[in-house]
């Protein structure tokens, strides 16, 4: 008899974006479909037919084709990618021609902290409409460095984890869900968040992060002045008050998108793609394949990033809470699946967990929860999977 299946998810918040803001965001970032076409063409030019076949193999359900691509084509693709330097932080294109190491050295030699002229600490960097210079929401906002917010700021405290990430006043839950999933894969995290950064001897008020944009990795330099209100970070912040990697990552992503407000309203798969260069798939949970649980498990085991959400049918649905305490229009990162040999509701206080030898931390107050696969398919609308590729 087949066992029962449970799904683990983590919620992030989301808000509806006005039509005007959506239009500006589309202009600045490009729609995912158009961006994906550019990425595919770039990979075709860069790696040839062998790699393009491998690139598409993650979307093909035929086992024979996947097996073939994992052989000679896969080997050739990896060899070409490594020879070209792909997958290394040093190969990234410098955004706005800003060189992190050169700028850091200049600041250290002069004894000054870096101030970014390309994304300055001004109202225009916050937004253009709801967070624009004349908006009441931006009154009283002050830009402060981490050292002005706490006595001993840290870049990462005890390793980056998904519980580090808390949402602020910005409707970018889709981005938070993507960042949370990012922490599940150390290799991907190291690609986006280069090592060697912090508030130690080489601190110069400058940090950098890397994102996949239009077929190439881009290195984005920022200063560490962050928007605050009443002495608290206004947007993404860590549950650990002295930790700042997630807030600085959000700032770098806001810079490459034009402003913080440009991050309001988006899809988790868009964040996944920009953090990995991977291929996105979307599943409508009203009509999933019979082997859907195996698809989820294989994706997680391979290091893919997964998100899920509940669709809304009108603006009134936004922020609506279901009877199961799930929130419509919010993004959730899917962090794990497990197959067990008995039934149960899998709530935090459920007695069934007492019989599991390696029990997940079901009672932790960290926003993470488990539910059965049947309930998951009933209450959620969509799952997005981004399969990692050699980039």
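Using N, Cα and C of the backbone, Cβ positions are placed for all residues, glycine too.
What TrEMBL lists as active site is 173, 330. Among the features that TrEMBL reports, domain 'Calpain catalytic' is placed at 113-389.
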Can you give me the Cα-Cα distance between residue 173 (active site) and residue 330 (active site) in Å, rounded to a whole number?
7
Counting across all protein chains present, how many other Cβ atoms fall within 10 Å of the Cβ of residue 173 (active site)?
25
Tell me, how many other CB atoms lie within 10 A of the CB of residue 330 (active site), whichever protein chain they belong to?
25
On the domain 'Calpain catalytic' (113-389), the mean of the pLDDT values is 85
